[in-house]
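Asks: First the structure, then my questions, so here it is.
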Ligand SMILES: Cc1cc2nc3c(=O)[nH]c(=O)nc-3n(C[C@H](O)[C@H](O)[C@H](O)COP(=O)(O)OP(=O)(O)OC[C@H]3O[C@@H](n4cnc5c(N)ncnc54)[C@H](O)[C@@H]3O)c2cc1C
Ligand code: SF4
Ligand code: SF4
């Protein structure tokens, strides 16, 4: 392959995966990854653990520093202020210019914020970048109380972070249960309870109205739309993220909410691509899939797919497989595979089981007529990705899934065998007689699942 | 921290301080009768004459006493060495038994009182601190603030603790005379158990066992809700208390050779030494059983159990070194070095020690059966090099003393020859692996950070590859701390265990081979 210069803006999971995979197929290309945030790739998802003292920044780097030189991936820490698409040139914050043949935009997201009065006050911020984290560490040093606004994944992480430093947190959530625009009600309520168990003052169906000033430019309190005031020294805004594309406005690049791309990640300009959080698909990429995908795994898959297309003869459209995701709400892990909407659809049936501890729960959705399995939500229960990926793509019936639940668990050894309780509940409520296959004593003894 | 816990911490520090001060109290007075009692008959005459200046003299502190004692013996030896009268040189180290005999301290009169004031007080304080830990908190990972803690992140407290431990080991192995008072303190306990006076090794074994028990209780608190950790910890506590501590003492009481049934050659490097073999061979049926049991463990037990369960069955369920690492060492597990470079060093070192141990044992056995003079000398030389460099300096001083500096498994990872042997079996012929859960890894790094063996678990997890590593001791902590449920220790069929070209589930457009 000819020696071409591929420049990637953004060293997050999507940009870095793309760079690594291009290098695997293409020995020749010049690959340069530029990011203003940090020189080296780190795991954004681990930011919370730095704040909580589980890790240092060093530990969040998935590759040792020598890795990049060895794989001839050049790194540059710089902010790109302008892209000259005609001249194929990037202009850095310090005035340097960089030429490219192929440009990959992987600039990620930034925190969304609404036009609340007082949003510019000292001590009000979102959490996305390493700089945000440092700022948060500085602003929350020694404080007693904080407010987190917005009940999503980053919101609950921020609440956990603050609570780990013994800061009292008031958590303001617009919805009537935590994250219930994604989670069905039972699950959302289970998490409500767990949030409160950690001493968080969770206020549901509550919206922020105004952030109040202490007269010196610092935050003093917030006022909700119900008229309550909550005094606090810090306000975390976590109402969502939006594509980080401001520096690309007023250019020839077509933008929607994000950078508009086709299923090959091509923008409207030749040799310019976009992947990860900042990309917005023009067309649907599959049933129940969003046009902007803002999770780690999809960023990785975007990177893999584009790298393939840039470094092999046969180009392929992006075709994600069965949906999956996971998160952790304080101590309760959450995994989901397939389609589990917050409100059950007309043609579907649902089976929900919750342990009496209130910390373990599982939900199966399936079609009414064919009993075809659609998706699963699990709380406090690790599930085997491979198993559910197969069950969903091969369209197993719900009975078959339940009948093999013992093989689907990914919990550590010696954990309570919840699958038996689930099987019993399923048989009882559905009038069925599904059974597990017997495991021989020898297999039990050697602890084998096979 | 609750008030009770602060009090507990305070009592622990007081207990530890008293314990550390005890070696320096009392007076020392050497009598002829003591020399007669403690010194081998062939040395008695000379020793009596060399040590004459000390008889009747009262020393106010042990330093002075030990230094005089050593000076006199050394002067005698130096003179002989100059004259190359090697046979007459006194090679035996009498400083410990003589100091112990000469000590005239209140500890000898009230050993139990001093034991209570030091060791028991420290344990009591530790329990006051540990038992209420995380009370009222939901079950879950308790790693908050570890990297802000001076003790756990190589801060000043960590360095002080490391220094203290190193100093203790240096005294224990090479200058036990200085801790004679502490040994005197545990004499009654030793007599009650085995009918013998305590040695420094009894003191060490006792403290070691207590450390595992107390810090094991801490593990129960910390990993509350994780059954794998709970059962595993209970197992190491049991094996230490019963197999390493009580049974050997009872054997001595019954006039049988000291034997730890769970210790396996080559970790138990002296298993084939002539005195051990003699001891077993001459102790009737029980001795024969010890010998056969030891050999069966090496030849059949290790490969078979490791085939089915991985090396974890030993390293993090049974072994004493592992037991200490997993309990006392747990607060320091994150300090292991994860770099590729460290992995390289590890492979050279640990296999080097294995080769050394095997060669040494081969020479020992050859000597045992052939009784060839030159071989005998070589054997002794090898034994003393191994005993000093590996048995004491590496396993003890570095292995434990460096917990707060390099993590809790320095010995297990870089030095233990048995771990090397188990590791070879685990790597090449075993059903054990850590399975990675499809595409769920978010590369956060918790697993790598908390792997005590310095395995970069994330490297494998993020590319969907099973972790099959010789060094993995199966502690299960990577799996416990993973926030996305990505890692599972399991035993399964051998096919598909090692996947060099893993595919991450989730992307249908391209199948990336990592
Ligand atoms: C706190 C937090 C927790 C999260 N947890 C999870 C989780 O548990 N699971 C999950 O699936 N997802 C999670 N996410 C979302 C996930 O991190 C993102 O989807 C993912 O990181 C996006 O990757 P990316 O490569 O698209 O962009 P990013 O990782 O955002 O990388 C983009 C990079 O480009 C740089 N950049 C942007 N513009 C410029 C410019 N003009 N010049 C130079 N550099 C520029 C940015 O500084 C940034 O470093 C979390 C996000 C946050 C903030
Ligand atoms: S802890 Fe889990 S999610 Fe984090 S890097 Fe390791 S395997 Fe991946
Ligand atoms: S890989 Fe996991 S189980 Fe193995 S030693 Fe490391 S932390 Fe323990």
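A Cβ is built for glycine as well, from the same backbone N, Cα and C atoms used for every other residue.
I grabbed these lines from TrEMBL:
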DOMAIN    B:432-460  domain '4Fe-4S ferredoxin-type'
DOMAIN    B:463-492  domain '4Fe-4S ferredoxin-type'
TRANSMEM  B:7-26  transmembrane segment
TRANSMEM  B:112-134  transmembrane segment
TRANSMEM  B:155-175  transmembrane segment
TRANSMEM  B:201-221  transmembrane segment
TRANSMEM  B:233-254  transmembrane segment
TRANSMEM  B:285-308  transmembrane segment
TRANSMEM  B:348-370  transmembrane segment
TRANSMEM  B:385-405  transmembrane segment
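Let's see these features in context: how buried, what's close, how far.
Replies: Within its own chain, the domain '4Fe-4S ferredoxin-type' (B:432-460) has Cβ neighbours under 8 Å at 143, 306, 308-312, 325, 329, 333-334, 336-338, 340, 342-343, 346, 407-409, 412-413, 426, 466-469, 471-475, 477-479, 481-492, 497-498, 502, 504-507, counting only residues six or more beyond its boundaries.
Taken through DSSP, the domain '4Fe-4S ferredoxin-type' (B:463-492) splits into 5 helix, 6 strand, 19 coil.
Sequence-remote contacts of a segment are chain residues at least 6 beyond its ends whose Cβ falls under 8 Å from one of its Cβ atoms, and for the transmembrane segment (B:112-134) they are 2, 4-5, 7-16, 18-19, 22, 106, 142, 185-186, 188-189, 207, 210, 214, 217-218, 221-222, 224.
Under 8 Å from some Cβ of the transmembrane segment (B:155-175) lie the Cβ atoms of residues 20, 95, 149, 200, 204, 332, 392-393, 396-397, 400-405, all in the same chain and six or more residues away from its ends.
Away from its own ends, the transmembrane segment (B:201-221) comes close to residues 119, 123, 126-127, 130-131, 133-134, 172, 179, 182-183, 186, 189-190, 229-230, 233-234, 236-237, 240-241, 244-245, 249, 320, 323-324, 326-328, 330 of its chain (Cβ-Cβ under 8 Å, at least six residues beyond either end).
Under 8 Å from some Cβ of the transmembrane segment (B:348-370) lie the Cβ atoms of residues 265-266, 269, 272-274, 277, 376, 378-379, 382-383, 386, 390, 394, 413-417, 419-421, 423, 471, all in the same chain and six or more residues away from its ends.
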Asks: Are there residues at least six beyond either end of the domain '4Fe-4S ferredoxin-type' (B:463-492) with Cβ under 8 Å to its Cβ atoms? List them, or say none.
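Replies: Contacts with the domain '4Fe-4S ferredoxin-type' (B:463-492): 141, 143, 223, 226, 228-229, 232, 308-313, 315-316, 322, 326, 333, 346, 350, 409, 412-413, 419-420, 423-424, 426-427, 431-442, 444, 446-455, 457, 498-500, 502-505, 514.
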Asks: Against which stretches of its own chain does the transmembrane segment (B:7-26) lie, if we need a Cβ under 8 Å and a gap of at least six residues from its ends?
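Replies: Same-chain contacts beyond the ends: 61-62, 103-107, 114, 117-130, 164, 178-182, 185.
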Asks: Note the mean pLDDT of the domain '4Fe-4S ferredoxin-type' (B:432-460), expressed as a whole number.
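Replies: Over the domain '4Fe-4S ferredoxin-type' (B:432-460), the predicted model scores a mean pLDDT of 97.
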Asks: State the non-local partners of the transmembrane segment (B:233-254) in its own chain: residues 6+ outside its ends, Cβ under 8 Å from one of its Cβ atoms.
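Replies: For the transmembrane segment (B:233-254), the far contacts come to 190, 193-196, 202, 205-206, 208-209, 212-213, 216, 219-220, 223, 260-263, 316-320, 322-324, 326-327.
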